[in-house]
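Take a look at the structure set out below.
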Amino acid sequence: MEPANNSLASPTTFFLMGIPGLEHMHIWIGIPFCSMYVVAVVGNVTILAVVRAERSLHEPMFLFLCMLSLTDLVLSTSTLPRMLCLFWLGAHDIAFDACLAQMFFIHSFTAMESGFFLAMAIDRYVAICEPLRHAVILTHSRLAEVGAAVVLRGVAFFTPHPILLKQLPYCRTRIIAHTYCEFMAVVKLACVETGVTKRYSLTVAFAIGSCDSFFIALSYVFILRAVFRLPSREASLKALGTCGSHVCVIIVFYSTAAFSILTHRIGHNVAPHVHIFIANMYLLVPPFLNPIVYGMRTKKIRDRVLSSLRVRVS
């Protein structure tokens with residue numbers, strides 16, 4: 001274990017502890033984490049390849065899905081390989097600048113993930129509630145504008161995070177009680193008052209998460225209202241099944257993210273290993289589930305993948 005105190009105004013490295021209290025299980029915890037990462041990478045790359053190859057899939061729903069897949073790939077790759085090095089190789093040290101870069105990618109791409117969930121919910125709302133105007137409302141140029149807005153929002157709101165932390169003096173411990181460089185875990189190591197910095201981070205995260213989740217919920221309320229008015233019971237059940245699986249993924253993402261954010265603010269009695277384990281879930285589970293729920297459960301993508309596999313086998 002690294003010494004607890006280093007008087008460093010500008011540390012060259014930080015020490016990632018992992019999951020406090022579960023250090024003896026790091027090797028075993030890494031196995032399901034690695035499995036989820038492999039599924040996430042294969043699934044999201046498959047979606048990108050299928051949509052790129054099949055021109056009939058160049059529709060708003062699938063283009064938004066590609067944006068979500070790219071976000072998932074960056075989000076999971078910015079955390080999982082480094083986390084597995086910690087679990088399996090005991091590589092606890094991380095360079096200060098690499099820590100700040102990882103933090104930026106995690107927080108900005110989490111915000112992008114939330115934005116693309118909202119974009120996909122709006123697309124489903126327009127497709128179900130305004131089917132005749134769907135192609136007019138969601139043109140390719142408008143899709144590009146929405147995608148650019150989501151990316152710019154994530155970059156704009158979370159670029160200050162590494163800049164603010166770069167300026168702080170660190171004269172306390174350089175041990176981060178986490179599996180990755182999370183903003184609140186790092187800012188606690190500063191030896192000056194950081195109340196304003198913490199409030200900025202929590203406010204931005206809460207504002208983005210609450211606004212996006214509110215409009216997603218509103219979209220699905222209108223979608224469900226339209227679904228229950230469908231004349232065909234079979235069509236209603238099919239739509240409900242699709243919406244239900246989408247909602248489950250969204251609930252997992254927002255509930256785990258909200259738990260992590262609120263624990264920093266009011267959950268001081270939550271066990272550290274519980275907090276960090278759940279903080280890992282909102283980075284691991286959505287990239288793992290999204291290709292399955294949005295990809296393999298979508299008939300056009302599933303049929304295209306199966307037909308490609310048949311051709312290769314034969």
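Just so it is clear, glycine is given a Cβ too, placed from its N, Cα and C backbone atoms.
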For the transmembrane segment entry in TrEMBL, name the matching range from 62-80, 176-194. 62-80
Run the contact check on the transmembrane segment (100-122) against the transmembrane segment (274-294): 3 or more C-beta pairs under 8 Å, excluding pairs closer than 6 in sequence. yes
Annotated stretches the transmembrane segment (27-50) and the transmembrane segment (274-294) touching (3 or more Cβ pairs under 8 Å): yes
Mean pLDDT across the domain 'G-protein coupled receptors family 1 profile' (43-294), rounded to an integer, is what? 87
Can you work out which residues elsewhere in the same chain, 6+ from the ends of the transmembrane segment (62-80), have a Cβ less than 8 Å from its Cβ atoms? 33-34, 37, 40-41, 44-45, 47-48, 51-52, 102, 105-106, 109-110, 112-113, 116-117, 119-120, 123, 140, 143, 147, 150, 179-180, 280, 283-284, 286-287, 290-291, 294-295, 298, 300-301
